[in-house]
Amino acid sequence: MSNQGVTRATAALIGILGVAAALAAGHLVAGVVGPSASPFLAVGNTAIDLAPSALKDFAVRTFGTYDKLVLLLGMAVVLLVAAVAAGLLSRRSPLPGTVLAVVLGLLGVGAALHRPDLGQLGVLAPVAALVAGVVVFRWLHAKALDPIDPAAGRRAFLIASGATAAGAGLAALVGRFAGGRVDVEASRGAVGALEPASPAPPVPPGADFAAEGTPTFITPNADFYRIDTALSVPRVRAEDWALRVHGLVDRELTLRYDDLRRRDLVERTITMVCVSNEVGGPYISTANFVGVPLRDVLLEAGVREGADQLFSTSADGWTAGSPVDVVLEEDRGALIALGMNGEPLPLEHGFPARLVVPGLYGYVSATKWVVDLELTTFEARRGYWLDRGWARRAPVKVMSRIDRPAVRSAVSGRVVATGVAWAQPTGVERVEVRVDNGPWRTATLSDEVNGSTWRMWRVELDLPPGGHTVESRATDRAGSTQPQARLAPAPDGATGWHSVFFTVR
Ligand SMILES: Nc1nc2c(c(=O)[nH]1)N[C@H]1C(S)=C(S)[C@@H](COP(=O)(O)O)O[C@H]1N2
Ligand SMILES: [Mo]
């Protein structure tokens, strides 16, 4: 048997088991040194950070909020193929498989070193993966090649394979358990009600046209759009959380969760929007955020002359830079938010705390899992997306979207076109609609909640049967109208009129 090597099926199995053992060992150690050190996640997170922005934009455009799932599945397929290939190349000698295990392990080491949220101990996880991968691969290979007694050798190999599979499963489970030790859900549950001392005014029933196809005015937390670079949601307990305010300040502050929640909390109804939102896109949502005015905290710290950037950092190392003049505006209503729609922030939306700045796109303002606020200059530090082709200043652009009729739908009878418009922080003055390049008609607006929230619109159309194109454009309180020119989201937000083709029966 030794001259022919192992069979194809056995060779493939050895490759797969070697990779499984490596991943499981890495996951086990990551459970102790930090969940994001798990090699699979660390490589995925690093791939996200290093990916060219064109690829990331493509992923968001194509897969929307499933982009991360697609990345993980893609990685799994690549790994499986590599494992099988390495196994097949190693039918006679374990050398090719050993090389693959080392290369994958080093990839994991590189990724762990690149994670800003991991200390030096983070490399222990991929090192464990590398060692386990090499040892298990070579051990199984030797068993499969046993030249002395082929029958007994086969039995020993099967036992060893079973033991490897069981051991890998167990290690992965223990790693998962150890990683879950930081019980963030329990911490969130223990926060209880965050009662605002000054609640937001109630949203009037006429604030949306949900019965006619617009979104509800307040977006339920489960439906709130989610955009971030985190493959695994950072798990920070409220008890362990602290926010440091430093840099160009008169006095540094360190605020703990209890310090903040004991203050007079304010509630503000705010619409958030992502710069990646295409014309007509879904990355916009509205919530009642509860928290502490960001301005108050910055004034307590005392912002020094010359600081033009508020540089915020998340627990996982992501960063954003906001203009100091904007976050200090009295009427802006920027928050260090702790709660959202009557609950502590959901984990995916930044528990324990995040920033929300009305009128700025999320990538320059809305840091989730925020742990650090540095007063600095735009010269000195660059936020995460700036080196990836996005602009330094990114105020939200005036925009409108058509929700009904739906794209390419067929409608009969009376046509009611509805949609949303936004122009934070001034508010929407007017929405106009036209059909088939006809005259613009002014739409009816829903009751206004405040300038930092979206506004719904509706217009009744009387149209002959056949195909029609409806277009909309909004105008803000300062008098600027949504321009017709179509611009892509990069570098500072899409522009253009939304247009929808539909048919009247
Ligand atoms: N830590 C962290 N915060 C982040 C991001 C991120 O990738 N990491 N993405 C930002 C972007 S681009 C947007 S649009 C908003 C989205 O917030 P949401 O997921 O709660 O809707 O979060 C911002 N805050
Ligand atoms: Mo975003």
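Any Cβ shown, glycine's included, is placed from N, Cα and C.
As recorded in TrEMBL:
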type: DOMAIN; residues: 231-385; note: domain 'Oxidoreductase molybdopterin-binding'
type: REGION; residues: 465-492; note: region 'Disordered'
type: TRANSMEM; residues: 12-33; note: transmembrane segment
type: TRANSMEM; residues: 69-88; note: transmembrane segment
type: TRANSMEM; residues: 95-113; note: transmembrane segment
type: TRANSMEM; residues: 119-140; note: transmembrane segment
type: TRANSMEM; residues: 156-178; note: transmembrane segment
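Here the listed stretches are 12-33, 95-113, 119-140, 156-178, and the one with the most C-beta pairs under 8 angstroms to the transmembrane segment (69-88) is 12-33. For the domain 'Oxidoreductase molybdopterin-binding' (231-385), the predicted model reports an average pLDDT of 97. 119-140 is the stretch from 95-113, 119-140, 156-178 with the greatest number of Cβ pairs below 8 Å to the transmembrane segment (12-33). Secondary structure counts, DSSP: the region 'Disordered' (465-492) has 0 helix, 13 strand, 15 coil.
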